[in-house]
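J.: Have a look at this one.
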Amino acid sequence: MGGFEDDEPPSKRARPSSVESASLDGFCYSKSVNPLGGTMARPLTSQGKEVMVGSKGVIKKDEFVRIITKALYTLGYEKSGAVLEEESGITLHSPLVNLFRKQVLDGNWDTAVATLYKLGLLDENTVKSAAFLLLEQKFFEHLRNDNLMGAIKTLRSEISPLGVNRRRVHEMSSCIISSPQNVLLAFSKLGTETCNSRLKLLEELQKVLPPTVMVPERRLENIVEQALTVQREACYLHNSIDGLSLYVDHHCGKDQIPSRTLQVLRAHRDEVWFLQFSNNGKYLASSSNDKSAIIWKVDEDGELLLKHILTGHEKPVMMVAWSPDDRQLLTCGMEEAIRRWDVESGECIHVYEKPGFGLMSCGWFPDGKQILAGLSDQTLCLWDLDGKEANCWKGQRSSKTSDLAVAKDGELIISMSRDCTILLFNRDTKQESLIEEEDTITSFSLSEDGDFLLVNLVNEEIHLWNIRNEPSRVRQYTGHKRSRFVIRSCFGGSEQAFIASGSEDSKVYIWHRATGDVIETLSGHSGAVNCVSWNPTNPHMLASASDDHSIRIWGLKKASAKRKDVGSSSSSNGAHMNGSASTNGNGFVHQCNGSRSK
(Lines of atoms letter the chains of each structure in order from A and count residues from 1; the text may use other names and numbers.)
(Lines give C-alpha, C1' and ligand atoms only; values in the text may rest on other atoms or scores of the structure.)
Protein backbone atom coordinates (compact mmCIF):
# COMPACT_ATOMS: atom_id res chain seq x y z
CA MET A 1 0.00 0.00 0.00
CA GLY A 2 1.07 3.57 0.27
CA GLY A 3 4.50 4.05 1.81
CA PHE A 4 4.73 5.23 5.36
CA GLU A 5 7.46 7.66 4.54
CA ASP A 6 5.43 8.80 1.54
CA ASP A 7 2.50 9.85 3.74
CA GLU A 8 0.33 6.85 2.75
CA PRO A 9 -0.68 5.66 5.08
CA PRO A 10 -27.38 -24.99 25.52
CA SER A 11 -33.76 -31.79 31.40
CA LYS A 12 -35.88 -33.57 30.83
CA ARG A 13 -38.15 -32.38 33.69
CA ALA A 14 -36.33 -29.51 35.16
CA ARG A 15 -37.58 -28.20 38.48
CA PRO A 16 -37.67 -24.56 39.53
CA SER A 17 -35.86 -25.33 42.78
CA SER A 18 -33.53 -27.88 44.26
CA VAL A 19 -35.93 -29.13 46.95
CA GLU A 20 -36.39 -32.90 46.74
CA SER A 21 -39.74 -34.53 47.45
CA ALA A 22 -40.13 -35.45 51.11
CA SER A 23 -41.89 -38.72 50.22
CA LEU A 24 -42.69 -40.90 47.22
CA ASP A 25 -46.02 -42.45 48.23
CA GLY A 26 -47.11 -45.37 46.12
CA PHE A 27 -43.79 -45.63 44.32
CA CYS A 28 -42.47 -49.16 43.75
CA TYR A 29 -39.26 -50.30 42.21
CA SER A 30 -37.17 -53.44 41.86
CA LYS A 31 -33.81 -53.49 43.59
CA SER A 32 -30.52 -54.72 42.17
CA VAL A 33 -31.74 -54.94 38.61
CA ASN A 34 -28.94 -54.42 36.10
CA PRO A 35 -30.17 -54.14 32.51
CA LEU A 36 -26.66 -54.81 31.23
CA GLY A 37 -26.21 -58.00 33.25
CA GLY A 38 -23.67 -58.60 35.98
CA THR A 39 -22.62 -56.18 38.66
CA MET A 40 -22.16 -52.54 37.81
CA ALA A 41 -19.97 -51.68 40.78
CA ARG A 42 -16.22 -51.78 40.41
CA PRO A 43 -13.98 -52.96 43.25
CA LEU A 44 -13.77 -50.26 45.90
CA THR A 45 -10.70 -49.26 47.84
CA SER A 46 -10.80 -48.08 51.41
CA GLN A 47 -8.78 -45.37 53.03
CA GLY A 48 -9.10 -45.76 56.75
CA LYS A 49 -12.83 -45.84 57.35
CA GLU A 50 -13.63 -44.12 54.07
CA VAL A 51 -14.54 -46.15 50.98
CA MET A 52 -12.93 -44.61 47.92
CA VAL A 53 -13.83 -44.79 44.24
CA GLY A 54 -12.09 -43.76 41.04
CA SER A 55 -8.88 -44.91 39.38
CA LYS A 56 -6.72 -42.82 41.71
CA GLY A 57 -8.61 -43.67 44.88
CA VAL A 58 -9.09 -40.07 45.93
CA ILE A 59 -12.89 -39.75 45.68
CA LYS A 60 -14.93 -40.52 48.77
CA LYS A 61 -17.78 -42.84 47.80
CA ASP A 62 -20.40 -41.35 50.11
CA GLU A 63 -19.72 -37.80 48.91
CA PHE A 64 -19.70 -38.92 45.30
CA VAL A 65 -23.05 -40.71 45.62
CA ARG A 66 -24.62 -37.81 47.54
CA ILE A 67 -23.77 -35.18 44.93
CA ILE A 68 -25.06 -37.48 42.17
CA THR A 69 -28.28 -37.95 44.13
CA LYS A 70 -28.53 -34.21 44.60
CA ALA A 71 -28.07 -33.67 40.87
CA LEU A 72 -30.82 -36.17 40.05
CA TYR A 73 -33.29 -34.40 42.34
CA THR A 74 -32.29 -31.01 40.96
CA LEU A 75 -32.90 -32.22 37.41
CA GLY A 76 -36.36 -33.47 38.42
CA TYR A 77 -35.51 -37.18 38.42
CA GLU A 78 -37.10 -37.81 41.84
CA LYS A 79 -37.68 -41.55 41.41
CA SER A 80 -34.12 -42.09 40.21
CA GLY A 81 -32.77 -40.11 43.16
CA ALA A 82 -34.80 -42.17 45.61
CA VAL A 83 -33.65 -45.43 43.97
CA LEU A 84 -30.03 -44.36 44.26
CA GLU A 85 -30.43 -43.55 47.95
CA GLU A 86 -32.12 -46.93 48.59
CA GLU A 87 -29.73 -49.03 46.50
CA SER A 88 -26.54 -47.39 47.71
CA GLY A 89 -27.58 -47.14 51.33
CA ILE A 90 -26.21 -43.60 51.28
CA THR A 91 -28.87 -41.05 52.05
CA LEU A 92 -28.73 -37.54 50.73
CA HIS A 93 -29.74 -36.13 54.14
CA SER A 94 -29.87 -37.54 57.65
CA PRO A 95 -33.35 -38.10 59.20
CA LEU A 96 -32.82 -35.02 61.36
CA VAL A 97 -31.99 -32.85 58.34
CA ASN A 98 -35.02 -34.19 56.46
CA LEU A 99 -37.15 -33.25 59.48
CA PHE A 100 -35.59 -29.79 59.49
CA ARG A 101 -36.30 -29.28 55.79
CA LYS A 102 -39.92 -30.39 56.24
CA GLN A 103 -40.39 -27.97 59.12
CA VAL A 104 -39.07 -25.13 56.96
CA LEU A 105 -41.37 -25.95 54.06
CA ASP A 106 -44.34 -26.25 56.45
CA GLY A 107 -43.50 -22.94 58.12
CA ASN A 108 -43.04 -24.44 61.59
CA TRP A 109 -40.46 -21.86 62.53
CA ASP A 110 -40.12 -22.52 66.28
CA THR A 111 -39.62 -26.26 65.82
CA ALA A 112 -37.27 -25.60 62.86
CA VAL A 113 -35.07 -23.38 65.06
CA ALA A 114 -35.10 -26.03 67.78
CA THR A 115 -34.08 -28.72 65.26
CA LEU A 116 -31.33 -26.47 63.94
CA TYR A 117 -29.67 -26.48 67.35
CA LYS A 118 -29.81 -30.31 67.38
CA LEU A 119 -27.83 -30.70 64.13
CA GLY A 120 -24.56 -30.68 66.05
CA LEU A 121 -23.04 -27.67 64.30
CA LEU A 122 -19.80 -26.64 65.95
CA ASP A 123 -19.57 -23.09 64.61
CA GLU A 124 -21.75 -20.76 66.70
CA ASN A 125 -21.74 -18.10 63.98
CA THR A 126 -23.10 -20.59 61.47
CA VAL A 127 -25.93 -21.51 63.84
CA LYS A 128 -26.78 -17.85 64.42
CA SER A 129 -26.71 -17.03 60.69
CA ALA A 130 -29.04 -19.94 59.89
CA ALA A 131 -31.34 -19.04 62.80
CA PHE A 132 -31.46 -15.45 61.51
CA LEU A 133 -32.65 -16.63 58.10
CA LEU A 134 -35.40 -18.75 59.68
CA LEU A 135 -36.62 -15.98 61.98
CA GLU A 136 -36.44 -13.39 59.21
CA GLN A 137 -38.82 -15.51 57.15
CA LYS A 138 -41.06 -15.88 60.22
CA PHE A 139 -41.05 -12.09 60.68
CA PHE A 140 -42.10 -11.31 57.12
CA GLU A 141 -44.79 -13.98 57.07
CA HIS A 142 -46.26 -12.37 60.20
CA LEU A 143 -46.35 -9.02 58.38
CA ARG A 144 -47.82 -10.57 55.28
CA ASN A 145 -50.60 -12.09 57.40
CA ASP A 146 -51.21 -8.72 59.14
CA ASN A 147 -49.90 -10.10 62.45
CA LEU A 148 -48.10 -6.94 63.50
CA MET A 149 -47.68 -7.94 67.15
CA GLY A 150 -46.24 -11.30 66.15
CA ALA A 151 -43.74 -9.58 63.88
CA ILE A 152 -42.69 -7.13 66.62
CA LYS A 153 -42.26 -9.96 69.13
CA THR A 154 -40.16 -11.99 66.67
CA LEU A 155 -37.94 -9.02 65.93
CA ARG A 156 -37.42 -7.94 69.55
CA SER A 157 -37.30 -11.27 71.37
CA GLU A 158 -35.79 -13.63 68.79
CA ILE A 159 -33.94 -11.80 66.02
CA SER A 160 -32.27 -8.91 67.86
CA PRO A 161 -30.74 -11.10 70.61
CA LEU A 162 -28.82 -13.02 67.94
CA GLY A 163 -26.63 -9.94 67.43
CA VAL A 164 -26.06 -10.51 63.72
CA ASN A 165 -26.76 -8.50 60.56
CA ARG A 166 -27.63 -5.23 62.28
CA ARG A 167 -28.27 -3.46 59.00
CA ARG A 168 -30.89 -6.03 58.03
CA VAL A 169 -32.52 -5.69 61.44
CA HIS A 170 -32.86 -1.94 60.84
CA GLU A 171 -34.48 -2.60 57.45
CA MET A 172 -36.95 -4.96 59.12
CA SER A 173 -37.71 -2.38 61.80
CA SER A 174 -38.55 0.18 59.11
CA CYS A 175 -41.07 -2.25 57.61
CA ILE A 176 -43.05 -2.21 60.87
CA ILE A 177 -43.58 1.54 60.80
CA SER A 178 -44.20 1.69 57.05
CA SER A 179 -47.55 1.76 55.29
CA PRO A 180 -48.89 -1.54 53.85
CA GLN A 181 -47.80 -0.46 50.37
CA ASN A 182 -44.27 0.15 51.59
CA VAL A 183 -44.27 -3.18 53.40
CA LEU A 184 -45.13 -4.98 50.16
CA LEU A 185 -42.40 -3.02 48.42
CA ALA A 186 -39.98 -4.07 51.14
CA PHE A 187 -40.95 -7.70 50.57
CA SER A 188 -40.02 -7.29 46.93
CA LYS A 189 -36.71 -5.57 47.67
CA LEU A 190 -35.73 -8.11 50.31
CA GLY A 191 -36.59 -11.03 48.05
CA THR A 192 -39.41 -12.55 50.13
CA GLU A 193 -42.50 -11.62 48.12
CA THR A 194 -42.82 -14.84 46.11
CA CYS A 195 -44.92 -17.97 46.34
CA ASN A 196 -41.69 -19.94 46.56
CA SER A 197 -40.15 -17.91 49.38
CA ARG A 198 -39.70 -20.98 51.61
CA LEU A 199 -37.99 -22.82 48.76
CA LYS A 200 -35.68 -19.87 48.34
CA LEU A 201 -35.06 -19.93 52.09
CA LEU A 202 -33.86 -23.54 51.83
CA GLU A 203 -31.48 -22.51 49.07
CA GLU A 204 -30.08 -19.75 51.29
CA LEU A 205 -29.71 -22.19 54.19
CA GLN A 206 -27.74 -24.53 51.92
CA LYS A 207 -25.22 -21.74 51.44
CA VAL A 208 -24.83 -21.22 55.21
CA LEU A 209 -24.86 -24.77 56.56
CA PRO A 210 -21.84 -27.06 56.09
CA PRO A 211 -21.95 -29.27 52.96
CA THR A 212 -21.84 -32.37 55.16
CA VAL A 213 -25.24 -31.30 56.50
CA MET A 214 -26.83 -30.10 53.28
CA VAL A 215 -25.18 -30.74 49.90
CA PRO A 216 -24.61 -27.41 48.10
CA GLU A 217 -26.90 -26.57 45.22
CA ARG A 218 -25.66 -27.77 41.81
CA ARG A 219 -22.42 -29.09 43.26
CA LEU A 220 -21.97 -31.71 40.52
CA GLU A 221 -22.46 -29.12 37.80
CA ASN A 222 -19.91 -26.84 39.46
CA ILE A 223 -17.31 -29.61 39.64
CA VAL A 224 -17.78 -30.48 35.98
CA GLU A 225 -17.59 -26.83 34.95
CA GLN A 226 -14.36 -26.41 36.90
CA ALA A 227 -12.84 -29.43 35.16
CA LEU A 228 -13.82 -28.13 31.73
CA THR A 229 -12.45 -24.69 32.54
CA VAL A 230 -9.11 -26.17 33.58
CA GLN A 231 -8.91 -28.15 30.34
CA ARG A 232 -9.73 -25.12 28.25
CA GLU A 233 -7.19 -22.94 29.99
CA ALA A 234 -4.55 -25.63 29.56
CA CYS A 235 -5.26 -25.88 25.82
CA TYR A 236 -2.43 -23.93 24.24
CA LEU A 237 -4.10 -23.56 20.85
CA HIS A 238 -7.70 -23.31 22.04
CA ASN A 239 -9.74 -21.98 19.15
CA SER A 240 -12.77 -24.26 19.05
CA ILE A 241 -16.23 -23.09 18.08
CA ASP A 242 -18.08 -26.07 19.57
CA GLY A 243 -18.52 -26.33 23.32
CA LEU A 244 -16.27 -28.67 25.28
CA SER A 245 -17.45 -32.28 25.43
CA LEU A 246 -17.77 -34.35 28.61
CA TYR A 247 -16.92 -37.52 26.67
CA VAL A 248 -13.28 -36.76 25.90
CA ASP A 249 -10.50 -34.56 27.22
CA HIS A 250 -10.26 -31.26 25.39
CA HIS A 251 -7.38 -30.47 23.08
CA CYS A 252 -7.01 -28.16 20.10
CA GLY A 253 -4.31 -28.59 17.51
CA LYS A 254 -3.13 -26.33 14.73
CA ASP A 255 -6.00 -27.64 12.64
CA GLN A 256 -8.20 -25.16 14.56
CA ILE A 257 -6.18 -22.18 13.30
CA PRO A 258 -7.31 -20.66 9.97
CA SER A 259 -4.40 -21.37 7.65
CA ARG A 260 -5.89 -22.44 4.29
CA THR A 261 -7.07 -20.08 1.57
CA LEU A 262 -10.78 -20.69 1.10
CA GLN A 263 -11.53 -17.67 -1.12
CA VAL A 264 -9.73 -15.02 -3.08
CA LEU A 265 -11.73 -11.82 -3.55
CA ARG A 266 -10.59 -9.81 -6.59
CA ALA A 267 -13.14 -7.02 -7.00
CA HIS A 268 -10.69 -4.19 -6.25
CA ARG A 269 -8.69 -2.78 -9.15
CA ASP A 270 -5.68 -1.63 -7.13
CA GLU A 271 -3.86 -2.23 -3.88
CA VAL A 272 -6.16 -3.16 -0.97
CA TRP A 273 -5.07 -1.14 2.04
CA PHE A 274 -7.59 -1.84 4.76
CA LEU A 275 -10.32 -4.30 5.73
CA GLN A 276 -12.45 -5.00 8.78
CA PHE A 277 -15.18 -7.49 9.73
CA SER A 278 -18.41 -6.08 11.15
CA ASN A 279 -19.08 -6.49 14.85
CA ASN A 280 -21.59 -9.28 14.21
CA GLY A 281 -19.24 -11.02 11.79
CA LYS A 282 -21.81 -10.99 8.98
CA TYR A 283 -19.99 -8.51 6.75
CA LEU A 284 -16.50 -7.55 5.67
CA ALA A 285 -15.60 -4.08 4.41
CA SER A 286 -12.47 -3.32 2.43
CA SER A 287 -10.90 -0.15 1.07
CA SER A 288 -8.40 0.41 -1.69
CA ASN A 289 -6.07 2.66 -3.55
CA ASP A 290 -8.66 2.44 -6.35
CA LYS A 291 -10.72 5.08 -4.46
CA SER A 292 -13.46 2.58 -3.59
CA ALA A 293 -14.68 0.57 -0.64
CA ILE A 294 -16.52 -2.73 -0.88
CA ILE A 295 -19.02 -4.38 1.44
CA TRP A 296 -18.91 -8.17 1.36
CA LYS A 297 -21.62 -10.36 2.90
CA VAL A 298 -20.74 -13.57 4.77
CA ASP A 299 -23.42 -16.09 3.87
CA GLU A 300 -24.65 -18.97 6.06
CA ASP A 301 -22.04 -21.30 4.59
CA GLY A 302 -19.21 -18.90 5.39
CA GLU A 303 -18.72 -17.82 1.79
CA LEU A 304 -18.22 -14.12 1.09
CA LEU A 305 -20.36 -12.51 -1.59
CA LEU A 306 -20.00 -8.99 -2.95
CA LYS A 307 -22.85 -6.79 -1.69
CA HIS A 308 -21.95 -3.18 -2.61
CA ILE A 309 -19.12 -1.28 -4.24
CA LEU A 310 -19.01 2.17 -2.68
CA THR A 311 -17.67 4.89 -4.94
CA GLY A 312 -17.54 8.66 -4.61
CA HIS A 313 -14.18 9.36 -3.01
CA GLU A 314 -11.77 11.36 -5.10
CA LYS A 315 -8.70 9.89 -3.42
CA PRO A 316 -7.66 6.46 -2.15
CA VAL A 317 -9.79 5.20 0.72
CA MET A 318 -7.57 4.88 3.77
CA MET A 319 -9.84 3.02 6.16
CA VAL A 320 -13.39 1.96 7.07
CA ALA A 321 -15.25 1.83 10.39
CA TRP A 322 -18.42 -0.10 11.28
CA SER A 323 -21.16 1.47 13.37
CA PRO A 324 -21.89 -0.33 16.66
CA ASP A 325 -25.07 -1.86 15.21
CA ASP A 326 -23.38 -2.66 11.86
CA ARG A 327 -26.09 -0.84 9.91
CA GLN A 328 -23.79 1.93 8.73
CA LEU A 329 -20.21 2.23 7.54
CA LEU A 330 -17.73 5.08 7.50
CA THR A 331 -15.12 5.40 4.77
CA CYS A 332 -12.24 7.84 5.00
CA GLY A 333 -10.47 9.18 1.93
CA MET A 334 -6.79 10.04 2.20
CA GLU A 335 -6.68 13.66 3.40
CA GLU A 336 -10.12 14.11 1.90
CA ALA A 337 -13.62 13.46 3.34
CA ILE A 338 -15.47 10.93 5.44
CA ARG A 339 -18.56 9.33 3.95
CA ARG A 340 -21.32 7.54 5.89
CA TRP A 341 -23.09 4.70 4.09
CA ASP A 342 -26.22 2.64 4.67
CA VAL A 343 -25.06 -0.97 4.64
CA GLU A 344 -28.30 -2.49 3.38
CA SER A 345 -28.91 -0.14 0.47
CA GLY A 346 -25.35 0.96 -0.25
CA GLU A 347 -26.44 4.60 -0.38
CA CYS A 348 -24.23 7.43 0.85
CA ILE A 349 -26.09 9.12 3.73
CA HIS A 350 -23.74 11.95 4.63
CA VAL A 351 -20.40 13.46 3.73
CA TYR A 352 -18.27 15.01 6.48
CA GLU A 353 -15.76 17.67 5.47
CA LYS A 354 -13.83 20.46 7.14
CA PRO A 355 -12.92 23.20 4.68
CA GLY A 356 -9.20 23.64 4.31
CA PHE A 357 -8.30 20.40 6.06
CA GLY A 358 -8.04 16.76 5.04
CA LEU A 359 -9.47 13.94 7.13
CA MET A 360 -7.07 11.13 7.98
CA SER A 361 -8.99 8.66 10.14
CA CYS A 362 -12.45 7.92 11.51
CA GLY A 363 -14.27 6.02 14.23
CA TRP A 364 -17.61 5.67 16.01
CA PHE A 365 -18.65 6.40 19.54
CA PRO A 366 -20.27 3.41 21.29
CA ASP A 367 -23.75 4.96 21.26
CA GLY A 368 -23.61 5.20 17.46
CA LYS A 369 -24.77 8.82 17.61
CA GLN A 370 -21.44 10.55 17.03
CA ILE A 371 -18.32 9.99 14.98
CA LEU A 372 -14.71 10.97 15.58
CA ALA A 373 -12.23 12.05 12.93
CA GLY A 374 -8.52 12.79 12.82
CA LEU A 375 -7.59 15.81 10.71
CA SER A 376 -4.45 16.67 8.84
CA ASP A 377 -3.85 19.69 11.10
CA GLN A 378 -3.34 17.35 14.07
CA THR A 379 -6.86 17.93 15.41
CA LEU A 380 -9.46 15.43 16.60
CA CYS A 381 -13.03 16.42 15.76
CA LEU A 382 -16.31 15.06 17.10
CA TRP A 383 -19.39 15.28 14.88
CA ASP A 384 -23.04 14.48 15.39
CA LEU A 385 -24.43 12.25 12.65
CA ASP A 386 -26.06 15.22 10.95
CA GLY A 387 -22.65 16.85 10.52
CA LYS A 388 -22.79 19.33 13.38
CA GLU A 389 -19.39 19.75 14.96
CA ALA A 390 -19.70 18.91 18.67
CA ASN A 391 -16.09 19.31 19.81
CA CYS A 392 -12.50 19.54 18.67
CA TRP A 393 -9.25 18.83 20.46
CA LYS A 394 -6.00 20.35 19.29
CA GLY A 395 -3.11 18.12 20.29
CA GLN A 396 0.53 17.43 19.60
CA ARG A 397 -0.27 14.96 16.86
CA SER A 398 2.15 14.99 14.00
CA SER A 399 2.02 11.60 12.30
CA LYS A 400 -0.23 11.30 9.26
CA THR A 401 -0.91 7.63 10.04
CA SER A 402 -3.23 9.00 12.67
CA ASP A 403 -5.09 5.91 13.86
CA LEU A 404 -7.73 6.48 16.50
CA ALA A 405 -10.05 4.37 18.66
CA VAL A 406 -12.77 4.91 21.25
CA ALA A 407 -13.18 2.56 24.22
CA LYS A 408 -16.55 0.85 24.75
CA ASP A 409 -17.47 3.17 27.60
CA GLY A 410 -17.05 6.14 25.28
CA GLU A 411 -14.79 7.89 27.77
CA LEU A 412 -11.31 6.96 26.57
CA ILE A 413 -10.14 8.30 23.21
CA ILE A 414 -6.94 6.82 21.81
CA SER A 415 -5.05 8.57 19.05
CA MET A 416 -1.62 8.94 17.52
CA SER A 417 0.35 11.77 19.02
CA ARG A 418 3.96 12.31 18.09
CA ASP A 419 5.72 9.76 15.92
CA CYS A 420 6.64 7.56 18.89
CA THR A 421 3.71 8.36 21.15
CA ILE A 422 0.06 7.37 21.55
CA LEU A 423 -2.24 9.62 23.56
CA LEU A 424 -4.90 8.19 25.89
CA PHE A 425 -7.40 10.95 26.65
CA ASN A 426 -10.28 10.64 29.12
CA ARG A 427 -13.14 12.89 27.99
CA ASP A 428 -14.75 13.10 31.43
CA THR A 429 -11.74 13.68 33.65
CA LYS A 430 -9.66 15.40 30.95
CA GLN A 431 -6.72 13.30 32.13
CA GLU A 432 -4.07 12.26 29.64
CA SER A 433 -1.61 9.37 29.68
CA LEU A 434 0.94 8.35 27.08
CA ILE A 435 2.30 5.21 25.47
CA GLU A 436 5.85 6.05 24.52
CA GLU A 437 7.89 3.86 22.20
CA GLU A 438 11.51 4.20 21.16
CA ASP A 439 10.67 3.73 17.48
CA THR A 440 8.12 5.27 15.18
CA ILE A 441 4.58 3.92 15.50
CA THR A 442 2.82 3.07 12.25
CA SER A 443 -0.58 1.78 13.46
CA PHE A 444 -2.41 0.35 16.45
CA SER A 445 -5.43 -1.84 17.25
CA LEU A 446 -7.65 -1.93 20.36
CA SER A 447 -8.71 -5.26 21.93
CA GLU A 448 -12.40 -6.14 22.21
CA ASP A 449 -12.44 -5.61 25.97
CA GLY A 450 -10.72 -2.27 25.58
CA ASP A 451 -7.92 -3.18 27.99
CA PHE A 452 -5.11 -3.83 25.54
CA LEU A 453 -3.53 -2.04 22.61
CA LEU A 454 -1.53 -3.66 19.81
CA VAL A 455 1.12 -1.26 18.49
CA ASN A 456 2.99 -1.72 15.20
CA LEU A 457 6.44 -0.17 14.87
CA VAL A 458 8.81 0.60 12.02
CA ASN A 459 11.48 -1.67 13.54
CA GLU A 460 9.51 -4.82 12.64
CA GLU A 461 8.14 -5.28 16.13
CA ILE A 462 4.57 -5.38 17.45
CA HIS A 463 4.08 -4.46 21.09
CA LEU A 464 1.17 -5.40 23.34
CA TRP A 465 0.28 -2.77 25.92
CA ASN A 466 -2.02 -3.09 28.92
CA ILE A 467 -3.90 0.21 29.17
CA ARG A 468 -6.37 -0.75 31.91
CA ASN A 469 -4.66 1.53 34.40
CA GLU A 470 -1.21 2.95 33.85
CA PRO A 471 0.02 1.83 30.41
CA SER A 472 2.54 -1.02 30.59
CA ARG A 473 4.11 -3.12 27.86
CA VAL A 474 3.44 -6.85 28.40
CA ARG A 475 4.57 -8.66 25.22
CA GLN A 476 6.24 -8.22 21.85
CA TYR A 477 5.86 -10.11 18.58
CA THR A 478 8.51 -10.38 15.88
CA GLY A 479 9.15 -12.25 12.64
CA HIS A 480 7.13 -10.28 10.10
CA LYS A 481 8.75 -7.89 7.63
CA ARG A 482 8.25 -4.13 7.31
CA SER A 483 10.48 -1.61 5.65
CA ARG A 484 8.36 0.94 3.78
CA PHE A 485 4.64 0.46 4.23
CA VAL A 486 2.02 0.74 6.94
CA ILE A 487 1.37 -2.81 8.12
CA ARG A 488 -1.62 -3.49 10.36
CA SER A 489 -2.18 -6.26 12.91
CA CYS A 490 -5.21 -7.48 14.89
CA PHE A 491 -6.41 -9.52 17.83
CA GLY A 492 -8.42 -12.65 17.02
CA GLY A 493 -9.48 -16.21 17.63
CA SER A 494 -11.35 -17.59 20.61
CA GLU A 495 -11.22 -15.02 23.42
CA GLN A 496 -8.76 -13.11 21.22
CA ALA A 497 -5.97 -15.52 22.19
CA PHE A 498 -4.00 -14.88 19.00
CA ILE A 499 -2.35 -12.01 17.17
CA ALA A 500 -2.25 -11.77 13.37
CA SER A 501 -0.38 -9.33 11.18
CA GLY A 502 0.35 -8.57 7.58
CA SER A 503 3.92 -8.40 6.30
CA GLU A 504 5.87 -7.01 3.37
CA ASP A 505 7.12 -10.51 2.47
CA SER A 506 3.59 -11.32 1.20
CA LYS A 507 2.78 -13.48 4.21
CA VAL A 508 0.39 -13.42 7.15
CA TYR A 509 1.89 -14.12 10.55
CA ILE A 510 -0.03 -15.56 13.52
CA TRP A 511 1.36 -15.50 17.05
CA HIS A 512 0.18 -16.97 20.34
CA ARG A 513 -0.86 -13.89 22.28
CA ALA A 514 0.31 -15.06 25.71
CA THR A 515 3.70 -16.46 24.72
CA GLY A 516 4.66 -14.48 21.62
CA ASP A 517 5.43 -17.68 19.69
CA VAL A 518 4.83 -17.73 15.94
CA ILE A 519 2.37 -20.58 15.38
CA GLU A 520 1.52 -20.11 11.68
CA THR A 521 2.90 -18.33 8.63
CA LEU A 522 0.41 -18.12 5.78
CA SER A 523 1.58 -17.90 2.18
CA GLY A 524 -0.50 -17.13 -0.91
CA HIS A 525 -0.37 -13.41 -1.62
CA SER A 526 2.03 -12.08 -4.24
CA GLY A 527 2.39 -8.60 -2.75
CA ALA A 528 2.76 -6.95 0.62
CA VAL A 529 -0.02 -7.84 3.05
CA ASN A 530 -1.19 -4.51 4.39
CA CYS A 531 -3.97 -5.42 6.80
CA VAL A 532 -5.62 -8.41 8.47
CA SER A 533 -8.97 -8.83 10.23
CA TRP A 534 -10.20 -11.80 12.29
CA ASN A 535 -13.94 -12.47 12.25
CA PRO A 536 -15.12 -11.59 15.79
CA THR A 537 -17.86 -14.26 15.82
CA ASN A 538 -16.07 -17.01 13.88
CA PRO A 539 -12.55 -17.80 15.18
CA HIS A 540 -12.00 -19.96 12.10
CA MET A 541 -12.20 -17.05 9.64
CA LEU A 542 -9.39 -14.60 8.93
CA ALA A 543 -9.11 -12.06 6.11
CA SER A 544 -6.04 -10.39 4.64
CA ALA A 545 -5.65 -7.47 2.22
CA SER A 546 -2.71 -7.13 -0.15
CA ASP A 547 -0.97 -4.96 -2.70
CA ASP A 548 -1.70 -7.76 -5.19
CA HIS A 549 -5.22 -6.24 -5.45
CA SER A 550 -6.78 -9.23 -3.66
CA ILE A 551 -8.33 -10.22 -0.37
CA ARG A 552 -7.79 -13.72 0.93
CA ILE A 553 -10.21 -15.52 3.26
CA TRP A 554 -8.44 -18.05 5.41
CA GLY A 555 -10.17 -21.01 7.11
CA LEU A 556 -9.44 -24.46 8.49
CA LYS A 557 -7.52 -27.07 6.57
CA LYS A 558 -10.11 -29.54 5.28
CA ALA A 559 -9.49 -32.13 2.61
CA SER A 560 -12.77 -31.33 0.87
CA ALA A 561 -12.27 -27.57 0.83
CA LYS A 562 -11.91 -25.93 -2.58
CA ARG A 563 -10.57 -22.47 -3.10
CA LYS A 564 -13.02 -20.01 -4.58
CA ASP A 565 -12.12 -16.85 -6.42
CA VAL A 566 -14.65 -14.03 -6.48
CA GLY A 567 -14.48 -11.21 -9.01
CA SER A 568 -11.65 -10.46 -11.38
CA SER A 569 -9.33 -7.51 -11.50
CA SER A 570 -8.54 -8.33 -15.11
CA SER A 571 -12.12 -8.19 -16.33
CA SER A 572 -12.33 -6.67 -19.78
CA ASN A 573 -15.34 -4.47 -19.02
CA GLY A 574 -14.46 -3.56 -15.46
CA ALA A 575 -17.88 -4.60 -14.15
CA HIS A 576 -18.09 -6.00 -10.64
CA MET A 577 -20.37 -8.61 -9.12
CA ASN A 578 -23.03 -7.28 -6.76
CA GLY A 579 -25.08 -9.47 -4.40
CA SER A 580 -24.65 -12.99 -5.79
CA ALA A 581 -22.20 -15.27 -7.51
CA SER A 582 -22.51 -18.14 -9.96
CA THR A 583 -20.41 -21.26 -9.65
CA ASN A 584 -19.50 -23.79 -12.29
CA GLY A 585 -18.58 -27.43 -11.82
CA ASN A 586 -14.93 -26.89 -11.01
CA GLY A 587 -15.68 -24.99 -7.78
CA PHE A 588 -14.42 -21.61 -8.96
CA VAL A 589 -16.67 -18.60 -8.65
CA HIS A 590 -16.84 -16.47 -11.76
CA GLN A 591 -17.81 -12.87 -12.16
CA CYS A 592 -21.46 -11.88 -12.58
CA ASN A 593 -22.56 -8.58 -14.00
CA GLY A 594 -24.71 -6.47 -11.65
CA SER A 595 -25.49 -2.99 -10.52
CA ARG A 596 -22.97 -0.85 -8.73
CA SER A 597 -24.14 0.98 -5.57
CA LYS A 598 -22.85 4.45 -4.97
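Cβ from N, Cα, C; glycine included.
Reproduced below are the annotations present in TrEMBL:
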REGION    1-20  region 'Disordered'
DOMAIN    93-150  domain 'CTLH'
REPEAT    265-306  repeat 'WD'
REPEAT    310-351  repeat 'WD'
REPEAT    522-564  repeat 'WD'
REGION    564-598  region 'Disordered'
COMPBIAS  567-598  compositional bias 'Polar residues'
J.: Short question: which residues 6 or more past the ends of the repeat 'WD' (310-351) have a Cβ under 8 Å from it?
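T.: Same-chain contacts beyond the ends: 2, 8-9, 270, 273-276, 278-280, 282-283, 285-295, 358-364, 366-368, 371, 373, 376, 385-387, 400, 596-598.
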J.: How about long-range neighbours of the repeat 'WD' (522-564): same chain, 6 or more residues beyond its ends, C-beta under 8 Å?
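T.: For the repeat 'WD' (522-564), the list is 1, 239-241, 255-266, 268-277, 279-281, 284, 286, 288, 296, 298, 302-304, 448, 485-494, 498, 500-510, 583, 587-589.
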J.: For the domain 'CTLH' (93-150), what are the DSSP-based totals of helix, strand and coil residues?
T.: 44 helix, 0 strand, 14 coil
J.: Take every residue in the domain 'CTLH' (93-150), average their pLDDT values, and give the whole-number result.
T.: 93
J.: Summarise the repeat 'WD' (265-306) by DSSP state, stating how many residues are helix, strand and coil.
T.: 0 helix, 22 strand, 20 coil
